[in-house]
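K.L.:
Copied straight from Swiss-Prot:
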BINDING   94, 104, 130, 215  substrate binding site
BINDING   215, 239, 243  Mg(2+) binding site
BINDING   273, 274, 275, 276, 277, 278, 279, 280, 281, 282, 283, 284, 285  NAD(+) binding site
SITE      137  site 'Important for catalysis'
SITE      183  site 'Important for catalysis'
């Protein structure tokens with residue numbers, strides 16, 4: 001049965017890397033007999049220009065009826081002081097789809113080790129899972145001249161939902177290790193978080209659960225990143241730790257992500273921005289988009305062979321020394337994509 005994939009190319013380099021990613025999806029799908037149909041919709045800045053809103057109703061209805069969503073990039077400096085901004089569309093999309101679990105995989109490729117800001121990056125391969133719908137970002141906010149207050153609020157249901165997602169993610173990986181990150185020595189929300197993690201762990205006897213305080217975890221991501229397999233944490237901590245972890249890769253151009261909703265629908269996107277300064281020049285790194293498509297094949301459609309094929313092709317392309325400018329090479333978007341296509345075996 002054919003799967004429906006809605007594509008949101010967005011702004012800046014978005015259309016270029018989306019095109020590159022879809023060419024890889026097309027080639028790999030033929031090899032694994034995966035059938036799909038694409039529906040392209042306006043989103044972000046281009047949607048503001050054409051429809052007056054970053055998330056038009058037509059786009060919203062399309063994504064709600066999709067089996068998966070691919071987003072390339074949104075944003076442009078011209079909207080920085082505008083009343084309506086592209087980023088508002090992404091926040092609205094997350095809310096409408098109930099996207100509660102953000103997943104960022106970090107893998108250090110041997111050929112790219114020299115790009116990492118730290119030396120000790122051998123065999124680094126882990127996930128950071130961040131809760132997206134609760135916590136201090138969504139609590140009550142008060143600001144006065146001499147006082148301010150932000151409320152960190154989590155329900156048991158919100159914590160339970162993300163922890164089950166994380167345990168299942170750890171269960172699917174060879175090491176089966178889950179590190180739950182909190183600040184339970186200070187925060188009430190973290191005390192509840194840790195209590196629930198220990199209780200839920202009984203349902204996953206094959207997964208080893210460890211606890212880390214957030215400050216300790218931040219240090220260990222630099223001093224011993226190999227110890228991690230799957231990290232799960234609340235919204236604010238996850239925002240900070242996932243960005244810290246991403247820096248280990250040396251370039252955002254190789255970092256994919258996924259965000260999963262209540263009903264199983266997921267959004268896949270690179271973690272980098274729209275890079276308007278290089279848009280249209282044909283030099284954007286398409287790898288994060290291509291790897292996001294690999295995540296889609298695995299997480300939404302169970303196509304492990306297709307996902308592994310893409311990931312191995314990317315690894316081989318790096319090993320062959322074909323690198324875009326952000327990785328220290330000279331390859332164009334087209335050349336990088338063609339090399340990955342060639343290595344899809």
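Any Cβ shown, glycine's included, is placed from N, Cα and C.
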K.L.:
What same-chain residues, at least 6 away in sequence, bring their CB to under 8 Å of the CB of residue 130 (substrate binding site)?
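P.N.:
Listed in sequence order: 101, 102, 104, 232, 233, 234, 235, 237, 238, 239, 241, 242.
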K.L.:
Looking only at 215, 239, 243, 277, which of these binding-site residues has the biggest number of Cβ atoms within 10 Å around its Cβ?
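P.N.:
Within the set of binding-site residues, the most crowded position is 239.
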K.L.:
Can you tell me the CA-to-CA distance separating residue 281 (NAD(+) binding site) and residue 183 (site 'Important for catalysis'), as a whole number of Å?
P.N.:
45
K.L.:
May I have the list of same-chain residues other than 215, 239, 243 whose Cβ is within 8 Å of the Cβ centroid of the recorded Mg(2+) site, in sequence order?
P.N.:
214, 218, 236, 237, 238, 240, 241, 242, 244
K.L.:
Under a three-state reduction of DSSP output, how is residue 243 (Mg(2+) binding site) classified: helix, strand, or coil?
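P.N.:
Note: residue 243 (Mg(2+) binding site) is helical by DSSP.
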K.L.:
Check the Cα distances from residue 215 (substrate binding site) to each of the recorded positions 137, 183, 273 and keep only the ones within 10 Å.
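P.N.:
Correct set: 183.
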K.L.:
Where residue 183 (site 'Important for catalysis') and residue 243 (Mg(2+) binding site) are concerned, what is their Cα separation in Å, rounded?
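P.N.:
Distance (Cα to Cα, whole Å): 19 Å.
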K.L.:
Where the distance is taken from Cα to Cα, which of the binding-site residues 273, 275, 277, 279, 283 turns out closest to residue 137 (site 'Important for catalysis')?
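P.N.:
Result for residue 137 (site 'Important for catalysis'): the nearest of the binding-site residues is 273.
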K.L.:
Given the binding-site residues 94, 273, 275, state which is nearest to residue 243 (Mg(2+) binding site) when distance is taken between Cα atoms.
P.N.:
273
